[in-house]
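Quick notes on the structure that follows.
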Ligand SMILES: NC(=O)CC[C@H](N)C(=O)O
């Protein structure tokens, strides 16, 4: 069946429908990862967005369910050049096309994703509609697209109840073993208790802590700081998540209270942006975001560059956090934007990129060890 992608600027791409045939309006973003399509589809940070994959062939190693980064796919839509009809991989359980259909996600294949990405790079991220209808009134659709706004996505993706996971019960999947193998740290199991705030957390954040011997309790995004402190955690993790950070007003208020206490905090992506907002900083939207698995980030203390996995449309605006509050930890080596902060006089550090990878390189997974060292020092000082 034919499908169309109509962009806010009036451009129309014709292709073939994959997945659900229902209409969808969404923000259109592109991801340059060459692999890891299932991790991308199931990353809750994509809620409210339809993803264009720039790599031309998607689905060639099938769907390996243990690679999912959350319980279901969250993208609004999926846009590819070519979808592999017959995957080849001993771990594969389904095709991507079947996975999209089963989860009611509309998609479009067979379009020139290079031309589409060029438009998004030149004009910036914009809204689009995926539809199978041939008789759509383009002018009317463009008006609707211009008015569309992504809202309320953190509330949509966060867990409904708190849930605890014990390090001693952690069973690595074959993917975990392939990823980390012998690198799993020999920490005493259950040594530290970490509170993980789920703003749309990828599973590998929890797993990176569990496999390092931390017990992890995952809390819904709107949990009050007092409730978390009542459980007496040794450290707090603020997760990644979808949408505009400035929309998370109630969450920011709770983070302010967490920051006041002496508990070590490590924050990733949305968590990093929310911590900056809680401490008086500001965020802004990037023209077309950073989404891919090879973004270079530079550690400003050592000068060392790590290749990181990224997925964000917003950044903390340089110079908005006071010098006495936070010091830049990482910057993006491509465009110089902020990629991390150390908060001065606090056991708090945050990163804009994804040290948990999945998909992408594990260069920066050591940051979880840095967080554990912080908890170790804090516990020894008590
Ligand atoms: N992966 C994330 O946490 C993304 C953070 C935020 N929603 C952004 O797009 O910038």
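Cβ from N, Cα, C; glycine included.
Of the residues 33, 45, 70, TrEMBL places 45 in the same L-glutamine site as 241, 243, 270, 273, 311, 313, 314.
With respect to their backbone Cα atoms, residue 269 (active site, nucleophile) and residue 354 (active site) stand 7 Å from each other. A coil conformation is recorded for residue 356 (active site) in the three-state DSSP classification, outside any helix or strand.
Within 10 Å of the C-beta atom of residue 270 (L-glutamine binding site) sit 30 other C-beta atoms, taking all shown protein chains into account. When pLDDT values are averaged over the domain 'Carbamoyl-phosphate synthase small subunit N-terminal' (1-131), the model yields 97. Residue 270 (L-glutamine binding site) sits 14 Å from residue 356 (active site), counting Cα to Cα. Among the recorded positions 45, 354, 356, the residues whose Cβ lies under 6 Å from any atom of ligand 1 are, in sequence order, 45.
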